[in-house]
Amino acid sequence: DIVMTQSPTFLAVTASKKVTISCTASESLYSSKHKVHYLAWYQKKPEQSPKLLIYGASNRYIGVPDRFTGSGSGTDFTLTISSVQVEDLTHYYCAQFYSYPLTFGAGTKLELKR
């Protein structure tokens, strides 16, 4: 199974500041056949289904604000929130869909810095 290592686990942030979340896969997620990285980022709020933010490592899903950006290649990927809003303070997960079983990072929780 592909292991997804996500960091940090917890992040205290200030509103309007830039945030970066990292994810490392235990093997490359790049398909030379399809020329795509099989890496996605999800946002998960309490009592709600996970929301797809980024697919193919860098493609923003329909309706996702442009403050969310995905980047990276091979095994190393990043989710950047350029200016964190209060509604962004929740859990984020990376996931690989290169091979079965599909596997997820352990998650990153964003909270407001006090």
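Just so you know, glycine gets a Cβ as well, placed from its N, Cα and C.
According to Swiss-Prot, the region 'Framework-1' annotation covers 1-23. Under the heading disulfide bond, Swiss-Prot lists Cys23-Cys94, citing sequence analysis as support. The region 'Complementarity-determining-1' feature in Swiss-Prot is assigned to 24-40. Look at Swiss-Prot and you will find 41-55 tagged as region 'Framework-2'. The region 'Complementarity-determining-2' annotation in Swiss-Prot covers 56-62. Residues or ranges marked as region 'Framework-3' by Swiss-Prot: 63-94. Here Swiss-Prot flags 95-103 as region 'Complementarity-determining-3'. As annotated by Swiss-Prot, region 'Framework-4' applies to 104-113.
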Once near-sequence residues are set aside, which residues in the chain of Cys23 (disulfide bond), 6 or more away, have Cβ atoms under 8 Å from its Cβ? Met4, Thr5, Gln6, Ser7, Leu39, Trp41, Gly72, Asp76, Phe77, Thr78, Leu79, Cys94, Gly105
Stretch of maximal Cβ-Cβ contact with the region 'Framework-1' (1-23) [cut-off: under 8 Å; candidates 56-62, 63-94, 95-103, 104-113]: 63-94
Going along the chain, which residues at least six beyond the ends of the region 'Complementarity-determining-3' (95-103) come within the CB cut-off of under 8 Å? 1-4, 25, 27-29, 31, 38-42
Sort out the residues at least 6 away from either end of the region 'Framework-4' (104-113), same chain, that have Cβ-Cβ distances under 8 Å to it, and list them. 4-15, 19, 21, 23, 44, 84, 86, 88-95
Going along the chain, which residues at least six beyond the ends of the region 'Complementarity-determining-1' (24-40) come within the CB cut-off of under 8 Å? 2-6, 52-58, 70, 72-77, 94-98
Who are the long-range neighbours of the region 'Complementarity-determining-2' (56-62) in its own chain, taking Cβ under 8 Å and residues 6 or more past its ends? 29, 36-40, 68-73, 77
Which number gives the other C-beta atoms within 10 angstroms of the C-beta of Cys94 (disulfide bond), all protein chains shown included? 30
Counting by DSSP, what is the helix, strand and coil composition of the region 'Framework-4' (104-113)? 0 helix, 6 strand, 4 coil
